[in-house]
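Participant: First, the structure itself, so that you have it in front of you.
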Amino acid sequence: MSARFEGSYLGDATRLADDAVLECKICWQRYDPAEGDPVWQIPPGTPFAALPAHWRCPRCDGDREQFMVVDG
C-alpha cells in the first residue's frame, strides 16, 4: 500500500478545479494552468486534469500522481 498525502492528486480529476495549482511532492515544481508548461508545450489555460496521459514533471520526471493541490 502506497502512502497517501492530504491534497495529493492521485488521478481523481473529479475533485480538481480547472484553475487548481499543483506542486510535485518530489521536487516542488508547480503546475499552474494559467501558465501551462513550456517544456511539454502545454498552452496556458490547460487544467491539470486535461494534461496528456504521458505528461510528467518537467523538473524531476515524476508522474502525475506525485502532484498535490496547493491552491484551488
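Just so it is clear, glycine is given a Cβ too, placed from its N, Cα and C backbone atoms.
According to Swiss-Prot, the record shows the following:
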DOMAIN    19-72  domain 'Rubredoxin-like'
BINDING   C24, C27, C57, C60  Fe cation binding site
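For the listed features, I'd like the structural context: burial, neighbours, distances.
Facilitator: When averaged over the domain 'Rubredoxin-like' (19-72), pLDDT in the model lands at 96.
Sequence-distant neighbours of C57 (Fe cation binding site) (same chain, 6+ residues apart, CB-CB distance under 8 A): C24, I26, C27, Q29, D63, Q66, F67.
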Participant: How does the domain 'Rubredoxin-like' (19-72) divide up by DSSP, counting helix, then strand, then coil residues?
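Facilitator: DSSP composition of the domain 'Rubredoxin-like' (19-72): 6 helix, 13 strand, 35 coil.
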Participant: Sequence gap of 6 or more, Cβ distance under 8 Å: name the residues on the same chain that satisfy this around C60 (Fe cation binding site), in order along the sequence.
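Facilitator: Looking at Cβ-Cβ distances below 8 Å from C60 (Fe cation binding site), excluding near sequence neighbours, one finds C24, I26, C27, Q29.
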Participant: Go through C24, C27, our binding-site residues, and report the one whose Cβ sees the most other Cβ atoms within 10 Å.
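Facilitator: Of the binding-site residues C24, C27, the most buried by Cβ count within 10 Å is C24.
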Participant: To test your reading of the Fe cation site: which residues beyond C24, C27, C57, C60, same chain only, put their Cβ within 8 Å of the Cβ centroid of those residues?
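Facilitator: Other same-chain residues near the Fe cation site: I26, W28, Q29, P58, R59, D61, G62, Q66.
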